[in-house]
Amino acid sequence: MKRTDSTAKATAPNPPLAPLLVILGNTGSGKSALALKLAREIPAGIVNADSRQIYSQMDIATAKPTPAEMSEIPHYLYSFIQPDQPFSLAEYQSLAYQAINKLHTQNRLPILVGGSGQYLKAVLEGWSIPQIAPDETFRAAMFEKAEKEGGASIFAELVKQDPQAAAKIDPRNIRRVVRALEVINKTGAEFSKLQTKNPPPYRVLKIGIHLAREELYRTVDLRVGKMLEQGLEAEVRHLLEQGYAATLPSMSGIGYRQIAKYIGGEISLSEAIEQMQFETHRLIRQQNTYFRLADPDIHWITLEESMDSGIINLVRNFLADGGKE
């Protein structure tokens, strides 16, 4: 019997999903170096997933790729907004999808690189993010309350209004707590109820670089000294002289906040260094809540393995499996 058109359509194979490579891990683990290594071997482009590397004029403490590296390989979402420019997670997600899709049209493999768990999850899980404009008056009031009464005071308010959201937000992340309260205040709905997921049509390979915690601590401690040698103090002074306030969200990043305090005479240089190292260690522990060794979706490798040719073969096989490359 002749098959109908509808039957033929029903049995037609689905088109192959577009590939996406993700390189993740702790700060200082060598993600950018691995991305560059792969992009030199396989037609690719690099998409930033680090919430600190989006800002222009803030290069040293954020450990961005160098201008030479960015001119050699296509890079997206680096240094594209000013330090005082508001920028939301929803905006990042939209721009990341645009960059990924653009690379696909160029027959390049998109490599999403970063250690900002929220950025990565928003893209990979397809979060539906509330499109709520910032309420600067509300934010100022919340930040003032946190300053006077401690961050626990506003986190307690979030626990009261939306316990599900509070369970997923680090109470030390004041900006995220304030954002959740802001959305609740403007919509009258629980923040957690407004976040749904619709994963994008990508075939994903996640590669994580793992270093033992003590080894990673030593690496980032040495990197703090190197940042100062590279001119971090001058970079922060230049930002302050241009009128960028030390209280800006962009200036809350590790390195900028502490050096701004040193420049302002609040702490000594040695205290600034100690605080930078302490905060980086804390960031590493926080990142470990996003990037778990037990996660079966992540192909974990050591730093030594990231330098080996085997990692290139892994990516080539991933592309070949989907009929890409």
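Glycine residues also receive a Cβ, built from the backbone N, Cα and C atoms like all the rest.
Within 10 Å of the Cβ of Gly25 (ATP binding site) there are 27 other Cβ atoms, across all protein chains. Swiss-Prot lists Gly25, Asn26, Thr27, Gly28, Ser29, Gly30, Lys31, Ser32 with the feature ATP binding site.
The substrate binding site annotation in Swiss-Prot covers Thr27, Gly28, Ser29, Gly30, Lys31, Ser32. Sequence-distant contacts of Gly30 (ATP binding site), defined as residues of its own chain at least six apart whose C-beta falls under 8 angstroms from its C-beta, comprise Ile209, Leu303, Ser306.
The region 'Interaction with substrate tRNA' annotation in Swiss-Prot covers 50-53. Below 8 angstroms of C-beta separation, residues 61-64, 77-79, 92, 113-116, 118-119, 250, 253 of the same chain, each at least six residues beyond the ends of the region 'Interaction with substrate tRNA' (50-53), sit close to that stretch.
What Swiss-Prot records for Ser116 (among others) is site 'Interaction with substrate tRNA'. Ser116 (site 'Interaction with substrate tRNA') falls within neither a helix nor a strand when secondary structure is assigned with DSSP, and so counts as coil. Here the Cβ of Ser116 (site 'Interaction with substrate tRNA') has 21 other Cβ atoms within 10 Å, regardless of which shown protein chain they belong to.
Arg139 (site 'Interaction with substrate tRNA') counts 16 other C-beta atoms within 10 Å of its own C-beta, drawing on all protein chains shown. Under the heading site 'Interaction with substrate tRNA', Swiss-Prot lists Arg139 (among others), citing sequence analysis as support.
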Where Ser29 (ATP binding site) and Ser116 (site 'Interaction with substrate tRNA') are concerned, what is their Cα separation in Å, rounded?
13
Average pLDDT across the region 'Interaction with substrate tRNA' (50-53), rounded to a whole number:
96
Reduced DSSP assignment, Asn26 (ATP binding site)
coil
Same-chain shell around substrate excluding Thr27, Gly28, Ser29, Gly30, Lys31, Ser32, C-beta within 8 angstroms of the CB centroid, reads Gly25, Asn26, Ala33, Ala63, Gly115, Ile209
Sorry to bug you, but what's the C-alpha spacing from Ser116 (site 'Interaction with substrate tRNA') to Lys31 (ATP binding site), rounded to the closest Å?
12
Here the 10 Å Cβ neighbour count for Asn26 (ATP binding site) comes out at 25
